[in-house]
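Right, one structure below, let's go through it.
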Amino acid sequence: MQIVVATHNEGKLVEIRRILEEDLGADAENIELVSAGSLHLPDPVETGVTFQENALLKARAVAIRTGLPAVADDSGLIVDVMGNAPGILSARWAGAHGHDKANNALLLAQIEDIPDDKRTARFRCAAALVVPDTETGADVTGGVAADGITVHTTAADGSPAPVHARYAIKSETVELGDMPGRIIREARGVHGFGYDPLFVPDDQPAGRVSTEPDHEGEPLTSAEMTPAEKNAISHRGKALKALVPAIEALLH
C-alpha cells in the first residue's frame, strides 16, 4: 500500500519513515511512503488557526487528489511567557518562511530579559491521517472537506485556488504530541533544524550531556542529540506513533 506524506522535504520523509517503521514492525514492509513532492503536488495554503487544522488541510489536499491515504504534520514552538507564540507562525516568525537564523535571533531578542526559570516552552506536533473514499467516484466536493473547510493551493498569480477534489474523504484521524522543555540563551548543536539549537528538552538521553565549550555537563539541546535520541522523545515522534493504530487498520 502506498501512503503519501504531504511534504516536499525529502528529509522530513526520511524522518517520518524512520519513526513509523519503529512502531509498525513487520507491517512496515507492506507500506511504501512517498512524498507529495515526488508526485508533483502543490502545497496547500495553510489557512488553519491550529496545528490540527493545518495538518488536516495538508493531508486532505493530497488524499482528495490522489485517492491514496495521506499523512501530514504541522508543528511549532510554544513559549509560555509569549502567550503560546510563535505557535503556528513558528517557521515564519521573522517574516521569511524557513529562515531559521532570523527566527532564532528574533525569539532570543523577545525573551532576552526573561529569567531562566520562566523560559519554559514546548514543541507541539499535530499528525493527521486522511483516508479517501475511492468507491464514491470522481469530481466530488469541489475541494470542500466533510466539515466544510475548503482546501486551497496558490494560483500562478498568487491568489488562493481551490484544490480540485477527485475523491471524497472516508475518514480522518489527528493526534497531538508535545515535547516540553525550555529556551536557552545561545544556540548549541549542529543537528536538527528550526529552534532545535535553542531548545533543551525536559527528557534527556541517559548518560549524555553537552560537550560544547563553556557548557560542558549541561543538558543537551535538541540540536545536540542524535536523530534517534530526538525521535525517542520528540513531539513529532509522539504524534506519529499515536497514528500507528489507524495506519495498521488500513492493512487488516
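A Cβ is built for glycine as well, from the same backbone N, Cα and C atoms used for every other residue.
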Checklist entry - Which of SER75, SER171 does Swiss-Prot put in the same substrate site as THR7, HIS8, ASN9, GLU10, GLY11, LYS12, PHE193, GLY194, TYR195, ASP196, LYS230, HIS235, ARG236? => result SER75
Item to check | Positions whose Cβ lies under 8 angstroms from the region 'Disordered' (202-229), at least six residues beyond its ends | outcome: 15, 18, 123, 179-182, 184, 187-192, 195-196
Next on the checklist: Between the Cα atoms of ASN9 (substrate binding site) and ASP74 (active site, proton acceptor), what distance do you get, rounded to the nearest Å?
Outcome noted: 13
Next on the checklist: Return the count of C-beta atoms lying within 10 angstroms of the C-beta of GLY194 (substrate binding site), excluding that atom itself.
Outcome noted: 20
Checklist entry - How many Å separate the Cα atoms of HIS235 (substrate binding site) and ASP74 (active site, proton acceptor)? => result 10
Next on the checklist: In whole Å, how far does the CA atom of ASP74 (active site, proton acceptor) lie from that of GLY194 (substrate binding site)?
Outcome noted: 13
